[in-house]
């Protein structure tokens, strides 16, 4: 009997219970069927179909160009490859910020066409009405505070956020507001560890950190970064568990050599 047939699918309530009993939450991104299968088999608790697909899969410098239909395509692929993990889908830039009605329409489209479990939206008070509209429709929402990549043109850089007291206080207020609105969890990105600890202790819902210290209720990384596929990308918060860029490059080079020297295919690999 497989592990997946013995373990029930993880839900938003599972994550809340994990915070309650002190069990850390593991989360990784995935954008395709094959990666999702491996990540799910590895035992990750949650998979984020991130708008970071714009960077990782399409080569854009920011997350802004990715569309709603692009996100739906990636999410559909991930859902088909996942049996156990909770699947959260990023709502892309422009799909929810303008007004609550549009936000709900976009949210419903994602949920209906992907069969994902939840959505993630970036921002606090400024998008509160949009978040409430979506949650009131019965769709689980994960918040996202701190460095919010969809606001890169406002921030001007990907540097750490909320170091100043005023911004830190606003982040705490936004976190409490998101909890009050009904968010089931909040991503805290690139903020001081002490601030993340304070927020985590004040909330009854889980915090998922990326560059926010060890005291968050869980951690999330981009899968390709974690396995070392993005050569030269080494921010302070990233731990690389493999060097797949080197391994894959070497494997491709060996394949090319074998083809050119007629070492592949051999007799056993031919019909």
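Any Cβ shown, glycine's included, is placed from N, Cα and C.
Going by what TrEMBL states, the Mg(2+) site holds 51, 90, and the candidate of 13, 122, 126 recorded there is 122.
For the binding-site residues 51, 122, the largest tally of other C-beta atoms within 10 A is found at 51. In this structure, the CA atom of residue 51 (Mg(2+) binding site) is 10 Å away from the CA atom of residue 120 (3-methyl-2-oxobutanoate binding site). Rounded to a whole number, the distance between the Cα atoms of residue 189 (active site, proton acceptor) and residue 122 (Mg(2+) binding site) is 11 Å. Residue 52 (3-methyl-2-oxobutanoate binding site) counts 21 other C-beta atoms within 10 Å of its own C-beta, drawing on all protein chains shown.
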